[in-house]
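**Q** I'd like to ask some things about the structure below.
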Amino acid sequence: MRSFLGRFSNIFPHPIRLHHPTASDTHLEPPSKATGVPWLMPPPPFLRPPTFLPALSHSTKRGVSLRFLPLAITAFTTFFGSMSCKSGSSGRGAALSDGRGQGVAAASIHNAASYSQSDAGGSSSPIAPGRALCLNHSAGSDIGTIKRLIPALTHTARKGQMGRVGLLGGSADFTGAPFYAGMAGLKVGGDLCYIFTAEEASGPLKAYSPELMVTPVYSAKSLGVGFAGDLEGEEDGSSDAARSAEHKAKEKQVARMVQRVTPFFPKLHVLVVGPGLGRDPWIMEATRRILVEAKTHALPLVIDADGLWLVAHSPEILQDYPEGDDGGGVVVTPNLIEFARLQAGLTGASVAEATPPAVPFQHTDVIAVAKALGGKAGRVTVCLKGREDIVADRERWLVVTEEGARRRSGGLGDILAGTTGVLLHWSHLAMQEQAHGGAVKAERSERGSEGKGAQSGEESTCQIDPRDRVLWACAGASLIARRASRRAFEEHRRSMTAPDVLAHLGPVLEELSPTDIKEP
Ligand SMILES: NC(=O)C1=CN([C@@H]2O[C@H](COP(=O)(O)OP(=O)(O)OC[C@H]3O[C@@H](n4cnc5c(N)ncnc54)[C@H](O)[C@@H]3O)[C@@H](O)[C@H]2O)[C@@H](O)CC1
Ligand SMILES: Nc1ncnc2c1ncn2[C@@H]1O[C@H](COP(=O)(O)OP(=O)(O)OP(=O)(O)O)[C@@H](O)[C@H]1O
């Protein structure tokens, strides 16, 4: 896997103007600094057993558990009856908690694994010094730059101006992921969210929230996807002719799915692809065709989760993806495993067997993947999620070190994907505003935020280089999602789940860019 780097060793330019190399530029080992919240610091190892409650560290991974199964089962039998497990158990095990006993067992399995993991504290600056793209390297001015991306709310705005986000995702199995991504887009401040999903998912999604406009674009049942798809490939005794007829029927449904999604393209500012989509080959094929169409429209994309599974298997799909009038190109938001899969796909290694390397990924890895995915002329920006988020395009990069939550519950990546979609559009608006400076600036100076920000040293006086605006959009989304996660964690601790983070998006946005304006 590391030999992958060698192939791209000549394409790593200095990431930024005025970049001051530091030791951590080349190695993203998590800092060892403690969090500063004394009672949350991990207790010495000898104090941890016999509680088996995991310390929630920044290196916790979702659902990492089974290596310690025997130990966990012992813990379960010891502590069942003495532990109350009313609030959410940690990690994927929580999904098993139909009854009290199962919930405790699942939590114990995860706890045992976490017990072996080391902890690391957060760093104080939200964006690593020396890695910012602004001329001024102070963290305050980095936040100021992100604030510039957040559009003012005026009385003259029209519905839709702040963002019309499409989302291709959700399936019979996963209805939470598109919900979290879509709602994040709205809660951050996007105006409209269209979800394209399975018929089987659309009912639940509409019931979760009437704010989401949900269009069913295929039937999981008739396509044999999801639950029914489990039977696919089994010998069913049907003849070749019957199988060929079934194949044709499915081909037709795939074509219909494409036809149902693509007419929405002209009204969308961005399409988020992947959360909860599933990896059924027919759905992957339909998604591939939809991406090909999106390319002809130069529709800005955010690709996450199962969308990345497709990209890892067909990395050529994003080659030379154009920047349209709205710019943006493609943003991919992999977690560590998804990033390792992208690397595998690009090198022709097995995608399914990819695992993250023992040493942490570096910004050079991220730049290499961004460049390789985009090909000669494509604009692909990668946001690698992790202990710190590394954002890079083919030549520049930055790292967001804003402290996040120590809970790794499902759905936080979906929230980032939806947030990124809106920030991507906002960065386009900000560029327009920057180009037509005067009038909009005057309107902005009416806002209560201006004075406050200036006092705290967070206002940015520098212009955003248009080439960097997607990086800033990704950094902004990362900062917002991580800050909201941290706030939700401070409030809910071990019971923090994705909806708690959604609830904190608004307050974080308000803090960054207060909405009160003086009436003319
Ligand atoms: N409530 C829902 O509906 C949710 C649905 N989700 C969807 O579930 C589907 C499958 O996603 P998965 O993430 O499970 O699939 P993956 O195959 O990408 O991940 C499989 C497993 O890898 C492990 N893993 C994840 N991140 C890791 C890391 N950084 N380092 C080491 N191991 C790691 C976890 O155990 C995870 O369960 C996607 O469509 C996704 O969008 C998730 O978004 C979570 C929430
Ligand atoms: N160790 C960590 N410490 C703090 N924040 C983290 C850590 N790892 C990831 N994050 C943040 O959590 C969010 C989700 O990242 P994660 O890697 O869990 O995504 P994911 O696996 O795609 O999520 P999902 O459950 O939606 O599929 C991102 O905003 C990321 O910055």
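In case you wondered, yes, glycine gets a Cβ from its N, Cα and C as well.
Note that this is a predicted model, so its numbers are computed, not measured.
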**Q** Looking at TrEMBL, which one out of Gly276, Gly278, Gly476 binds (6S)-NADPHX in the same site as Asn335, Leu336, Ile337, Glu338, Phe339, Ala340, Arg341, Asp414?
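**A** Among Gly276, Gly278, Gly476, only Gly276 appears alongside Asn335, Leu336, Ile337, Glu338, Phe339, Ala340, Arg341, Asp414 as (6S)-NADPHX-binding in TrEMBL.
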**Q** Count the other Cβ atoms sitting within 10 Å of the Cβ of Ala405 (ATP binding site), across every protein chain shown.
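**A** Cβ-Cβ neighbours of Ala405 (ATP binding site) within 10 Å number 25.
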**Q** If you draw a 10 Å sphere around the Cβ of Gly411 (ATP binding site), how many other Cβ atoms fall inside it, taking every protein chain shown into account?
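**A** I count 21 other Cβ atoms within 10 Å of it.
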**Q** For Ala340 ((6S)-NADPHX binding site), which of the three DSSP-derived states applies: helix, strand, or coil?
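**A** For Ala340 ((6S)-NADPHX binding site) - judged by DSSP and reduced to three states - the answer is helix.
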**Q** Measuring Cα to Cα, how far is Leu336 ((6S)-NADPHX binding site) from Ser409 (ATP binding site) in Å?
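**A** So the alpha carbons of Leu336 ((6S)-NADPHX binding site) and Ser409 (ATP binding site) sit roughly 15 Å from each other.
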**Q** Among Asp389, Arg407, Gly411, which binding-site residues lie by ligand 2, judged by Cβ under 6 Å to any atom?
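**A** Only Asp389, Gly411 meet the Cβ criterion.
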**Q** Identify which of the following binding-site residues, namely Gly276, Leu336, Ala340, Gly411, Asp414, place a Cβ less than 6 Å away from any atom of ligand 1, and list them by sequence position.
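**A** Listed by sequence, the hits are Gly276, Leu336, Gly411, Asp414.
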**Q** Rounded to a whole angstrom, what is the C-alpha distance between Arg387 (ATP binding site) and Asp414 ((6S)-NADPHX binding site)?
**A** 17
